[in-house]
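Before we start, here is the structure in question, set down as C-alpha coordinates.
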(Lines of atoms letter the chains of each structure in order from A and count residues from 1; the text may use other names and numbers.)
(Lines give C-alpha, C1' and ligand atoms only; values in the text may rest on other atoms or scores of the structure.)
Protein backbone atom coordinates (compact mmCIF):
# COMPACT_ATOMS: atom_id res chain seq x y z
CA UNK A 1 0.00 0.00 0.00
CA UNK A 2 0.99 3.59 -0.61
CA UNK A 3 0.96 4.37 3.13
CA UNK A 4 1.87 2.37 6.22
CA UNK A 5 1.17 3.42 9.80
CA UNK A 6 3.28 5.96 11.63
CA UNK A 7 5.91 3.98 13.60
CA UNK A 8 4.88 5.51 16.93
CA UNK A 9 4.64 4.08 20.43
CA UNK A 10 2.50 5.76 23.05
CA UNK A 11 1.66 5.28 26.69
CA UNK A 12 -0.24 6.89 29.53
CA UNK A 13 1.46 7.67 32.79
CA UNK A 14 0.76 9.56 36.00
CA UNK A 15 2.28 12.92 36.86
CA UNK A 16 4.27 11.47 39.78
CA UNK A 17 5.90 8.74 37.71
CA UNK A 18 6.72 11.20 34.93
CA UNK A 19 8.78 13.28 37.35
CA UNK A 20 10.79 10.17 38.16
CA UNK A 21 11.29 9.20 34.50
CA UNK A 22 12.25 12.45 32.79
CA UNK A 23 13.52 10.60 29.71
CA UNK A 24 11.84 12.65 27.00
CA UNK A 25 13.61 15.10 24.67
CA UNK A 26 10.61 17.41 24.77
CA UNK A 27 8.01 18.12 27.42
CA UNK A 28 4.76 19.70 26.25
CA UNK A 29 2.30 21.67 28.34
CA UNK A 30 -1.02 23.20 27.38
CA UNK A 31 -1.32 26.81 28.46
CA UNK A 32 -4.49 28.76 27.75
CA UNK A 33 -5.26 32.39 28.45
CA UNK A 34 -6.51 31.63 31.99
CA UNK A 35 -3.24 29.99 32.98
CA UNK A 36 -1.31 32.99 31.67
CA UNK A 37 -3.34 35.39 33.80
CA UNK A 38 -2.94 33.34 36.99
CA UNK A 39 0.62 34.05 38.16
CA UNK A 40 0.31 31.51 40.96
CA UNK A 41 -0.60 28.61 38.70
CA UNK A 42 2.27 26.19 38.04
CA UNK A 43 2.28 24.96 34.46
CA UNK A 44 5.74 23.39 34.12
CA UNK A 45 8.43 25.24 36.07
CA UNK A 46 8.28 28.65 37.80
CA UNK A 47 11.05 30.24 35.73
CA UNK A 48 9.87 28.80 32.43
CA UNK A 49 6.29 29.76 33.25
CA UNK A 50 7.42 33.32 33.95
CA UNK A 51 9.27 33.46 30.65
CA UNK A 52 6.06 32.38 28.94
CA UNK A 53 4.04 35.07 30.72
CA UNK A 54 6.65 37.64 29.69
CA UNK A 55 6.09 36.60 26.09
CA UNK A 56 2.36 36.92 26.61
CA UNK A 57 2.78 40.51 27.85
CA UNK A 58 4.62 41.28 24.61
CA UNK A 59 1.81 39.75 22.58
CA UNK A 60 4.04 36.96 21.26
CA UNK A 61 2.01 34.17 22.89
CA UNK A 62 -1.71 34.51 23.57
CA UNK A 63 -2.71 30.99 24.61
CA UNK A 64 -4.97 30.54 21.60
CA UNK A 65 -5.18 27.26 19.66
CA UNK A 66 -2.15 27.02 17.40
CA UNK A 67 0.06 29.29 19.56
CA UNK A 68 3.39 27.73 20.55
CA UNK A 69 6.35 28.84 22.65
CA UNK A 70 9.55 26.77 22.77
CA UNK A 71 12.24 27.07 25.45
CA UNK A 72 15.53 25.35 26.13
CA UNK A 73 15.09 24.19 29.72
CA UNK A 74 18.78 24.88 30.54
CA UNK A 75 18.73 22.03 33.06
CA UNK A 76 15.67 23.29 34.94
CA UNK A 77 13.85 20.14 33.80
CA UNK A 78 15.22 16.72 32.81
CA UNK A 79 13.97 17.28 29.25
CA UNK A 80 16.07 19.42 26.89
CA UNK A 81 13.14 21.41 25.51
CA UNK A 82 9.83 22.66 26.86
CA UNK A 83 7.00 23.55 24.52
CA UNK A 84 3.87 25.42 25.56
CA UNK A 85 0.84 25.12 23.27
CA UNK A 86 -2.32 27.19 23.36
CA UNK A 87 -5.82 25.78 23.54
CA UNK A 88 -9.39 26.80 24.30
CA UNK A 89 -11.30 24.52 26.66
CA UNK A 90 -14.71 25.77 25.51
CA UNK A 91 -16.88 25.73 23.49
CA UNK A 92 -15.26 23.54 20.80
CA UNK A 93 -13.06 21.33 22.96
CA UNK A 94 -12.15 18.54 20.55
CA UNK A 95 -11.36 21.04 17.80
CA UNK A 96 -9.11 22.99 20.15
CA UNK A 97 -7.35 19.84 21.36
CA UNK A 98 -6.76 18.67 17.79
CA UNK A 99 -5.33 22.06 16.85
CA UNK A 100 -3.16 22.16 19.98
CA UNK A 101 -1.65 18.76 19.24
CA UNK A 102 -1.37 19.60 15.55
CA UNK A 103 0.78 22.63 16.32
CA UNK A 104 3.51 20.32 17.66
CA UNK A 105 4.42 18.97 14.24
CA UNK A 106 6.77 21.73 13.09
CA UNK A 107 8.74 21.71 16.35
CA UNK A 108 9.06 17.92 16.43
CA UNK A 109 10.24 17.83 12.82
CA UNK A 110 12.62 20.80 13.10
CA UNK A 111 14.31 19.60 16.29
CA UNK A 112 14.18 15.89 15.38
CA UNK A 113 12.44 14.99 18.64
CA UNK A 114 12.43 11.25 19.35
CA UNK A 115 10.61 11.12 22.69
CA UNK A 116 8.02 13.53 24.01
CA UNK A 117 5.88 13.84 27.13
CA UNK A 118 2.50 15.59 26.84
CA UNK A 119 1.20 17.01 30.13
CA UNK A 120 -2.59 16.89 30.15
CA UNK A 121 -3.97 19.80 32.24
CA UNK A 122 -5.31 18.75 35.62
CA UNK A 123 -9.09 18.59 35.68
CA UNK A 124 -9.55 19.22 31.97
CA UNK A 125 -11.51 16.00 31.48
CA UNK A 126 -13.25 15.77 34.86
CA UNK A 127 -16.64 16.89 33.53
CA UNK A 128 -16.58 14.52 30.54
CA UNK A 129 -18.37 11.22 30.20
CA UNK A 130 -16.67 8.18 28.69
CA UNK A 131 -17.59 9.00 25.10
CA UNK A 132 -16.32 12.55 25.42
CA UNK A 133 -13.02 11.35 26.91
CA UNK A 134 -12.59 8.98 23.98
CA UNK A 135 -13.39 11.76 21.53
CA UNK A 136 -10.97 14.18 23.23
CA UNK A 137 -8.06 11.73 23.45
CA UNK A 138 -8.71 10.70 19.86
CA UNK A 139 -8.54 14.36 18.84
CA UNK A 140 -5.16 14.75 20.56
CA UNK A 141 -3.70 11.77 18.71
CA UNK A 142 -5.25 12.82 15.41
CA UNK A 143 -3.86 16.33 15.72
CA UNK A 144 -0.39 15.07 16.61
CA UNK A 145 -0.09 12.74 13.62
CA UNK A 146 -1.83 15.02 11.13
CA UNK A 147 0.46 17.84 12.24
CA UNK A 148 3.51 15.67 11.53
CA UNK A 149 2.43 14.88 7.98
CA UNK A 150 4.18 16.56 5.08
CA UNK A 151 3.96 15.77 1.39
CA UNK A 152 7.42 14.20 1.62
CA UNK A 153 6.60 12.24 4.79
CA UNK A 154 6.73 8.90 3.00
CA UNK A 155 9.93 7.09 2.12
CA UNK A 156 10.30 5.08 -1.08
CA UNK A 157 9.17 1.98 0.83
CA UNK A 158 5.89 3.66 1.75
CA UNK A 159 6.67 3.91 5.48
CA UNK A 160 5.91 7.19 7.17
CA UNK A 161 9.02 9.15 8.06
CA UNK A 162 9.19 10.96 11.39
CA UNK A 163 11.82 11.31 14.08
CA UNK A 164 9.17 10.87 16.80
CA UNK A 165 9.31 7.34 18.21
CA UNK A 166 7.39 7.65 21.46
CA UNK A 167 4.98 9.98 23.23
CA UNK A 168 3.69 9.73 26.78
CA UNK A 169 0.45 11.36 27.83
CA UNK A 170 0.81 12.41 31.45
CA UNK A 171 -2.49 12.38 33.36
CA UNK A 172 -3.25 13.82 36.79
CA UNK A 173 -5.18 10.66 37.73
CA UNK A 174 -6.06 7.19 36.48
CA UNK A 175 -9.72 8.17 36.09
CA UNK A 176 -11.03 7.25 32.64
CA UNK A 177 -7.78 5.55 31.64
CA UNK A 178 -9.56 2.83 29.64
CA UNK A 179 -11.48 5.48 27.70
CA UNK A 180 -8.20 7.30 27.15
CA UNK A 181 -6.57 4.18 25.75
CA UNK A 182 -9.49 3.47 23.43
CA UNK A 183 -9.56 7.07 22.24
CA UNK A 184 -5.83 7.19 21.52
CA UNK A 185 -6.03 3.99 19.49
CA UNK A 186 -9.06 5.33 17.61
CA UNK A 187 -7.24 8.57 16.87
CA UNK A 188 -4.12 6.72 15.72
CA UNK A 189 -6.11 4.62 13.27
CA UNK A 190 -8.19 7.52 12.01
CA UNK A 191 -5.19 9.81 11.54
CA UNK A 192 -3.38 7.13 9.55
CA UNK A 193 -6.46 6.79 7.34
CA UNK A 194 -6.49 10.55 6.74
CA UNK A 195 -2.77 10.48 5.95
CA UNK A 196 -3.45 7.62 3.53
CA UNK A 197 -6.04 9.78 1.78
CA UNK A 198 -3.64 12.72 1.74
CA UNK A 199 -0.94 10.55 0.22
CA UNK A 200 -3.25 9.31 -2.52
CA UNK A 201 -4.22 12.88 -3.37
CA UNK A 202 -0.60 14.04 -3.39
CA UNK A 203 0.68 11.23 -5.60
CA UNK A 204 1.81 12.48 -9.05
CA UNK A 205 -0.57 11.52 -11.83
CA UNK A 206 2.11 9.67 -13.81
CA UNK A 207 2.44 7.33 -10.82
CA UNK A 208 -1.23 7.11 -9.85
CA UNK A 209 -3.15 6.20 -12.99
CA UNK A 210 -6.63 4.64 -12.86
CA UNK A 211 -5.03 1.21 -13.17
CA UNK A 212 -2.60 1.96 -10.34
CA UNK A 213 -5.46 3.26 -8.19
CA UNK A 214 -7.26 -0.04 -8.79
CA UNK A 215 -4.15 -1.92 -7.66
CA UNK A 216 -4.09 0.22 -4.52
CA UNK A 217 -7.73 -0.65 -3.84
CA UNK A 218 -6.90 -4.32 -4.30
CA UNK A 219 -4.09 -4.01 -1.74
CA UNK A 220 -6.38 -2.16 0.67
CA UNK A 221 -9.04 -4.84 0.39
CA UNK A 222 -6.49 -7.61 0.86
CA UNK A 223 -4.95 -6.03 3.95
CA UNK A 224 -8.29 -5.63 5.75
CA UNK A 225 -10.18 -8.67 4.50
CA UNK A 226 -12.62 -6.75 2.32
CA UNK A 227 -14.26 -8.01 -0.86
CA UNK A 228 -13.48 -6.20 -4.09
CA UNK A 229 -14.19 -6.15 -7.79
CA UNK A 230 -12.35 -4.18 -10.45
CA UNK A 231 -14.10 -3.48 -13.75
CA UNK A 232 -11.44 -2.99 -16.43
CA UNK A 233 -12.12 -1.28 -19.74
CA UNK A 234 -13.48 -4.36 -21.50
CA UNK A 235 -15.81 -5.16 -18.59
CA UNK A 236 -16.98 -1.54 -18.48
CA UNK A 237 -17.84 -1.81 -22.19
CA UNK A 238 -19.74 -5.04 -21.56
CA UNK A 239 -21.65 -3.46 -18.65
CA UNK A 240 -22.45 -0.30 -20.60
CA UNK A 241 -20.62 2.21 -18.39
CA UNK A 242 -20.83 4.86 -21.08
CA UNK A 243 -20.11 7.84 -18.84
CA UNK A 244 -16.89 6.45 -17.38
CA UNK A 245 -15.71 5.21 -20.77
CA UNK A 246 -16.37 8.54 -22.46
CA UNK A 247 -14.37 10.54 -19.93
CA UNK A 248 -11.47 8.08 -20.03
CA UNK A 249 -11.21 7.39 -23.74
CA UNK A 250 -8.96 10.36 -24.50
CA UNK A 251 -6.17 8.91 -22.35
CA UNK A 252 -3.70 6.09 -22.95
CA UNK A 253 -4.44 5.09 -19.33
CA UNK A 254 -7.82 3.32 -19.49
CA UNK A 255 -10.50 3.87 -16.82
CA UNK A 256 -11.43 1.53 -13.99
CA UNK A 257 -14.57 1.11 -11.91
CA UNK A 258 -13.51 -0.04 -8.45
CA UNK A 259 -15.85 -1.70 -5.93
CA UNK A 260 -14.96 -2.60 -2.32
CA UNK A 261 -17.40 -4.31 0.08
CA UNK A 262 -17.43 -4.37 3.88
CA UNK A 263 -20.12 -6.82 4.96
CA UNK A 264 -20.45 -6.09 8.65
CA UNK A 265 -24.16 -6.95 8.96
CA UNK A 266 -24.83 -9.89 6.62
CA UNK A 267 -28.43 -10.28 7.83
CA UNK A 268 -29.29 -6.66 7.08
CA UNK A 269 -30.77 -5.51 3.78
CA UNK A 270 -29.36 -2.01 4.30
CA UNK A 271 -26.08 -1.01 2.64
CA UNK A 272 -24.42 2.39 2.66
CA UNK A 273 -22.85 3.31 -0.66
CA UNK A 274 -19.80 5.60 -0.66
CA UNK A 275 -18.92 6.85 -4.14
CA UNK A 276 -15.73 8.76 -4.91
CA UNK A 277 -14.82 10.76 -7.99
CA UNK A 278 -11.46 9.33 -9.08
CA UNK A 279 -10.27 11.55 -11.94
CA UNK A 280 -6.56 10.96 -11.44
CA UNK A 281 -5.69 13.95 -13.61
CA UNK A 282 -7.97 16.51 -15.18
CA UNK A 283 -6.80 18.68 -18.06
CA UNK A 284 -10.38 19.60 -18.82
CA UNK A 285 -10.21 17.46 -21.96
CA UNK A 286 -11.15 19.21 -25.20
CA UNK A 287 -12.53 22.07 -23.05
CA UNK A 288 -8.95 22.60 -21.93
CA UNK A 289 -8.18 24.31 -18.63
CA UNK A 290 -5.83 27.27 -18.38
CA UNK A 291 -2.24 26.08 -17.78
CA UNK A 292 -1.67 28.07 -14.59
CA UNK A 293 -2.09 25.75 -11.61
CA UNK A 294 -2.97 22.72 -13.72
CA UNK A 295 -0.38 20.68 -11.80
CA UNK A 296 -2.76 20.80 -8.84
CA UNK A 297 -5.26 18.73 -10.82
CA UNK A 298 -3.64 15.66 -9.31
CA UNK A 299 -6.12 16.49 -6.54
CA UNK A 300 -9.16 15.88 -8.76
CA UNK A 301 -9.40 12.40 -7.28
CA UNK A 302 -9.76 13.81 -3.76
CA UNK A 303 -13.21 12.23 -3.50
CA UNK A 304 -11.74 8.82 -4.27
CA UNK A 305 -9.04 9.48 -1.66
CA UNK A 306 -11.67 10.31 0.97
CA UNK A 307 -13.67 7.16 0.25
CA UNK A 308 -10.59 4.94 0.26
CA UNK A 309 -9.35 6.58 3.46
CA UNK A 310 -12.73 5.93 5.06
CA UNK A 311 -12.64 2.30 3.90
CA UNK A 312 -9.20 1.91 5.46
CA UNK A 313 -10.61 3.11 8.79
CA UNK A 314 -13.66 0.88 8.34
CA UNK A 315 -11.42 -2.10 7.58
CA UNK A 316 -9.66 -1.62 10.93
CA UNK A 317 -12.78 -0.76 12.91
CA UNK A 318 -15.09 -3.35 11.28
CA UNK A 319 -18.45 -1.72 12.16
CA UNK A 320 -21.57 -3.88 12.17
CA UNK A 321 -22.90 -2.31 9.01
CA UNK A 322 -22.81 -3.09 5.29
CA UNK A 323 -20.81 -0.60 3.22
CA UNK A 324 -19.94 -0.63 -0.46
CA UNK A 325 -17.36 1.80 -1.78
CA UNK A 326 -17.22 2.67 -5.47
CA UNK A 327 -14.42 4.60 -7.15
CA UNK A 328 -15.03 5.84 -10.69
CA UNK A 329 -11.44 6.25 -11.91
CA UNK A 330 -10.48 7.91 -15.19
CA UNK A 331 -8.02 10.39 -16.66
CA UNK A 332 -9.53 13.33 -18.57
CA UNK A 333 -7.17 14.10 -21.46
CA UNK A 334 -7.48 15.81 -24.86
CA UNK A 335 -6.69 13.68 -27.90
CA UNK A 336 -8.12 12.56 -31.21
CA UNK A 337 -10.18 9.96 -29.37
CA UNK A 338 -11.41 12.21 -26.54
CA UNK A 339 -15.09 12.94 -26.02
CA UNK A 340 -16.22 16.33 -27.31
CA UNK A 341 -18.74 19.09 -26.69
CA UNK A 342 -21.90 18.14 -28.55
CA UNK A 343 -21.53 14.41 -27.92
CA UNK A 344 -24.50 12.50 -26.52
CA UNK A 345 -23.57 9.72 -24.09
CA UNK A 346 -25.55 6.79 -22.77
CA UNK A 347 -24.72 6.23 -19.11
CA UNK A 348 -24.76 2.99 -17.14
CA UNK A 349 -28.27 3.82 -15.88
CA UNK A 350 -29.58 4.14 -19.44
CA UNK A 351 -30.07 7.90 -19.19
CA UNK A 352 -28.52 10.01 -21.93
CA UNK A 353 -26.33 13.08 -21.41
CA UNK A 354 -25.56 15.92 -23.81
CA UNK A 355 -21.97 17.09 -23.32
CA UNK A 356 -21.62 20.87 -23.35
CA UNK A 357 -18.30 21.06 -21.52
CA UNK A 358 -15.78 18.23 -21.19
CA UNK A 359 -14.38 19.91 -18.07
CA UNK A 360 -17.63 19.03 -16.30
CA UNK A 361 -16.55 15.39 -16.42
CA UNK A 362 -16.72 14.53 -12.73
CA UNK A 363 -20.51 14.39 -12.67
CA UNK A 364 -20.44 12.03 -15.68
CA UNK A 365 -18.16 9.47 -14.01
CA UNK A 366 -20.14 9.84 -10.78
CA UNK A 367 -23.35 9.03 -12.67
CA UNK A 368 -21.95 5.61 -13.50
CA UNK A 369 -20.49 5.36 -9.99
CA UNK A 370 -23.89 5.81 -8.33
CA UNK A 371 -25.45 3.26 -10.66
CA UNK A 372 -22.66 0.81 -9.87
CA UNK A 373 -23.22 1.28 -6.12
CA UNK A 374 -26.96 0.66 -6.53
CA UNK A 375 -26.32 -2.46 -8.61
CA UNK A 376 -24.07 -3.66 -5.77
CA UNK A 377 -26.87 -3.30 -3.23
CA UNK A 378 -26.56 0.26 -1.90
CA UNK A 379 -29.74 1.54 -0.25
CA UNK A 380 -28.28 4.90 0.82
CA UNK A 381 -25.72 6.93 -1.10
CA UNK A 382 -23.01 9.46 -0.25
CA UNK A 383 -20.81 10.71 -3.06
CA UNK A 384 -17.67 12.76 -2.48
CA UNK A 385 -16.18 14.79 -5.30
CA UNK A 386 -14.10 17.77 -6.28
CA UNK A 387 -17.06 18.55 -8.46
CA UNK A 388 -17.00 22.32 -8.96
CA UNK A 389 -14.96 25.43 -8.52
CA UNK A 390 -18.27 27.23 -8.05
CA UNK A 391 -18.62 25.84 -4.53
CA UNK A 392 -15.62 27.98 -3.55
CA UNK A 393 -17.47 31.15 -4.51
CA UNK A 394 -20.02 30.30 -1.82
CA UNK A 395 -17.90 28.61 0.85
CA UNK A 396 -14.22 29.30 0.14
CA UNK A 397 -11.58 26.70 0.96
CA UNK A 398 -12.69 26.00 4.53
CA UNK A 399 -16.16 24.48 4.21
CA UNK A 400 -17.50 21.55 2.20
CA UNK A 401 -20.84 21.96 0.44
CA UNK A 402 -23.52 19.35 1.13
CA UNK A 403 -26.59 18.61 -0.97
CA UNK A 404 -29.23 16.00 -0.20
CA UNK A 405 -32.69 14.69 -1.02
CA UNK A 406 -33.21 13.31 2.50
CA UNK A 407 -33.28 15.68 5.47
CA UNK A 408 -32.98 13.00 8.14
CA UNK A 409 -29.91 11.46 6.53
CA UNK A 410 -28.37 14.90 6.02
CA UNK A 411 -28.85 15.88 9.67
CA UNK A 412 -27.22 12.63 10.82
CA UNK A 413 -24.28 13.32 8.52
CA UNK A 414 -23.97 16.90 9.76
CA UNK A 415 -23.82 15.57 13.32
CA UNK A 416 -21.03 13.24 12.24
CA UNK A 417 -19.15 16.13 10.66
CA UNK A 418 -19.57 18.14 13.86
CA UNK A 419 -18.13 15.21 15.82
CA UNK A 420 -15.20 15.23 13.39
CA UNK A 421 -14.81 19.03 13.54
CA UNK A 422 -14.95 19.29 9.75
CA UNK A 423 -16.96 22.21 8.43
CA UNK A 424 -19.89 21.24 6.21
CA UNK A 425 -22.71 23.51 5.09
CA UNK A 426 -25.97 22.43 3.38
CA UNK A 427 -26.87 24.11 0.10
CA UNK A 428 -30.28 24.09 -1.63
CA UNK A 429 -31.61 21.53 -4.10
CA UNK A 430 -34.94 23.17 -4.91
CA UNK A 431 -36.65 21.40 -7.84
CA UNK A 432 -36.93 24.69 -9.74
CA UNK A 433 -33.16 24.56 -10.30
CA UNK A 434 -33.54 21.43 -12.43
CA UNK A 435 -34.38 23.55 -15.46
CA UNK A 436 -30.61 24.14 -15.71
CA UNK A 437 -30.16 20.48 -16.70
CA UNK A 438 -32.77 20.47 -19.49
CA UNK A 439 -31.43 19.34 -22.86
CA UNK A 440 -33.06 19.43 -26.29
CA UNK A 441 -31.38 16.21 -27.43
CA UNK A 442 -30.85 14.09 -24.29
CA UNK A 443 -32.27 13.40 -20.86
CA UNK A 444 -29.77 15.81 -19.28
CA UNK A 445 -27.00 18.19 -20.19
CA UNK A 446 -23.78 18.20 -18.20
CA UNK A 447 -23.41 21.96 -17.73
CA UNK A 448 -25.97 24.34 -16.30
CA UNK A 449 -24.56 27.69 -17.37
CA UNK A 450 -22.99 30.56 -15.46
CA UNK A 451 -24.95 30.69 -12.21
CA UNK A 452 -25.44 28.23 -9.34
CA UNK A 453 -22.78 25.92 -10.74
CA UNK A 454 -22.36 23.86 -7.57
CA UNK A 455 -26.13 23.33 -7.36
CA UNK A 456 -26.38 22.35 -11.03
CA UNK A 457 -23.56 19.83 -10.61
CA UNK A 458 -25.12 18.34 -7.49
CA UNK A 459 -28.56 18.05 -9.09
CA UNK A 460 -27.05 16.31 -12.11
CA UNK A 461 -25.46 13.69 -9.86
CA UNK A 462 -28.70 13.35 -7.90
CA UNK A 463 -30.54 12.38 -11.08
CA UNK A 464 -28.74 9.02 -10.83
CA UNK A 465 -29.67 8.27 -7.20
CA UNK A 466 -32.89 6.52 -8.28
CA UNK A 467 -34.62 8.43 -5.45
CA UNK A 468 -32.66 6.59 -2.77
CA UNK A 469 -31.56 8.70 0.23
CA UNK A 470 -28.52 10.56 -1.08
CA UNK A 471 -25.92 13.13 -0.03
CA UNK A 472 -23.49 14.86 -2.35
CA UNK A 473 -20.35 16.39 -0.82
CA UNK A 474 -18.59 18.95 -3.01
CA UNK A 475 -14.99 19.18 -1.78
CA UNK A 476 -13.86 21.36 -4.68
CA UNK A 477 -12.56 23.95 -2.22
CA UNK A 478 -11.47 21.78 0.69
CA UNK A 479 -9.50 18.88 -0.76
CA UNK A 480 -6.31 20.88 -1.36
CA UNK A 481 -4.32 23.40 0.70
CA UNK A 482 -2.28 26.04 -1.11
CA UNK A 483 -0.26 26.75 2.05
CA UNK A 484 0.09 25.30 5.54
CA UNK A 485 -2.82 25.96 7.92
CA UNK A 486 -2.86 24.46 11.40
CA UNK A 487 -2.37 20.71 11.24
CA UNK A 488 -3.08 20.74 7.49
CA UNK A 489 0.05 21.06 5.38
CA UNK A 490 0.23 22.22 1.78
CA UNK A 491 -1.28 19.67 -0.59
CA UNK A 492 -4.03 17.12 -0.13
CA UNK A 493 -6.07 17.42 3.06
CA UNK A 494 -7.83 14.05 3.30
CA UNK A 495 -11.01 16.01 3.99
CA UNK A 496 -14.21 14.06 4.74
CA UNK A 497 -12.47 10.87 5.90
CA UNK A 498 -13.18 11.77 9.52
CA UNK A 499 -16.73 12.95 8.76
CA UNK A 500 -17.63 9.77 6.91
CA UNK A 501 -16.31 7.63 9.75
CA UNK A 502 -18.10 9.71 12.39
CA UNK A 503 -21.32 9.62 10.37
CA UNK A 504 -21.16 5.84 10.44
CA UNK A 505 -20.30 5.85 14.15
CA UNK A 506 -23.17 8.21 14.99
CA UNK A 507 -25.57 6.13 12.92
CA UNK A 508 -24.58 2.89 14.65
CA UNK A 509 -24.14 4.04 18.25
CA UNK A 510 -26.18 7.24 18.41
CA UNK A 511 -23.28 8.78 20.35
CA UNK A 512 -22.61 12.49 19.94
CA UNK A 513 -20.21 14.86 21.57
CA UNK A 514 -22.85 17.50 22.14
CA UNK A 515 -21.65 20.89 23.30
CA UNK A 516 -17.96 19.97 23.41
CA UNK A 517 -17.63 20.34 19.64
CA UNK A 518 -18.80 22.72 16.96
CA UNK A 519 -19.30 23.19 13.26
CA UNK A 520 -20.13 25.85 10.76
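The first residue you see is number 1, and the count goes up from there.
Glycine too: its Cβ is placed from the backbone N, Cα and C atoms.
Bear in mind that the values here come from a model prediction, so they are computed numbers and not experimental data.
Straight out of TrEMBL:
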ACT_SITE  289  active site
ACT_SITE  363  active site
BINDING   277, 282, 300, 361  Mn(2+) 2 binding site
BINDING   282, 359, 361  Mn(2+) 1 binding site
DOMAIN    357-364  domain 'Cytosol aminopeptidase'
Quick test of the contact rule: Cβ under 8 Å, at least six residues beyond the ends. What residues does that give for the domain 'Cytosol aminopeptidase' (357-364)?
243-244, 246-247, 277, 279, 282, 284-289, 300, 303, 330, 332, 338-341, 345, 347, 385-387, 446-447, 457, 460-461
For the C-alpha pair, I'd like the distance in angstrom between residue 363 (active site) and residue 282 (Mn(2+) 2 binding site), rounded off.
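About 13 Å separate the Cα atoms of these two residues.
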Could you tell me how many residues in the domain 'Cytosol aminopeptidase' (357-364) are helical, how many are strand and how many are coil under DSSP?
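For the domain 'Cytosol aminopeptidase' (357-364), the helix, strand and coil counts are 3 helix, 0 strand, 5 coil.
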Which has the fewest other Cβ atoms within 10 Å: 277, 289, 363, the recorded positions listed?
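Fewest other Cβ atoms within 10 Å, among the recorded positions 277, 289, 363, is found for 289.
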Between residue 300 (Mn(2+) 2 binding site) and residue 359 (Mn(2+) 1 binding site), how far is it from one CA atom to the other, in Å?
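That separation, Cα to Cα, works out to 11 Å.
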State the three-class DSSP label for residue 300 (Mn(2+) 2 binding site), counting H, G and I as helix, E and B as strand, and everything else as coil.
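Assignment for residue 300 (Mn(2+) 2 binding site) reads helix.
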Using C-alpha atoms only, work out the spacing between residue 289 (active site) and residue 359 (Mn(2+) 1 binding site) and round it to an integer in Å.
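Given the Cα positions, residue 289 (active site) is 8 Å from residue 359 (Mn(2+) 1 binding site).
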